[in-house]
Amino acid sequence: MMALCLKQVFNKDKTFRPRKKFEPGTQRFELYKKAQASLKSGLDLKAVVQLPPGESINDWIAVHVVDFFNRINLIYGTMSEYCTEKSCPIMSGGLKYEYRWQDDSKYKKPTKLSAPQYMNLLMDWIEMLINNEDIFPTRIGVPFPKQFQQVCTKILTRLFRVFVHVYIHHFDRIIHMGAEAHVNTCYKHFYYFIREFSLVDHRELEPLKEMTERICH
């Protein structure tokens, strides 16, 4: 069912973003393969996110940021037709939490937007960052910038908001598509990773606190 939904997304929307891939032969590709192999082996997700001995923390974070972007982008894509200007006029997580958009170009001040507008700007913004060689260098020997982890914190904080919106406003669609287990696993993987490296402020995690305590033991 989930595979069919994903296929429909790609067929439906020709502008849907292709996956960002790692170049074969690079250290990051090898790290990505190692991370995927651990995931598929059925290891405890808390263990899977830990930095492998001898590996660079920035490389490990870079691999996961790109992978989470791909996964969360896909999850939102499967239900984007149900997240409309009409159904979600404000990017929020229930009545208590509202997320405003700000960037360095068009939106200089935090701006109230609909959820689909916010999501489109977010995915474009992340894609621009992870394809920027000055921030996510892919050439061997090129160091990460000093502000790399700071940038990743901002990316992951905003990706967490996608989970908040999807779980609170579109959970019925997740269940209808038979994707609950898949989305929960993705969320748990994401949650354990950001907690392992303290990458997202605990206050940002409040909207899903109860659910997190239930599914992330």
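Glycine is no exception: its Cβ is also placed from the backbone N, Cα and C atoms.
Curation plays no part in TrEMBL annotations; they are all automatic predictions.
Annotation source TrEMBL lists Zn(2+) binding site at C83, C88, H165, H170. In sequence order, C83, C88, M91, S92, G93, Y99, A115, M119 make up the list of same-chain residues 6 or more apart from H165 (Zn(2+) binding site) whose Cβ falls under 8 Å from its Cβ.
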Surrounding CB atoms that lie within 10 Å of the CB of C88 (Zn(2+) binding site), all protein chains: 19
Residues within 8 Å of the C83, C88, H165, H170 Cβ centre (excluding the Zn(2+) site residues themselves): M79, Y82, S87, A115, P116, M119, V166, H169
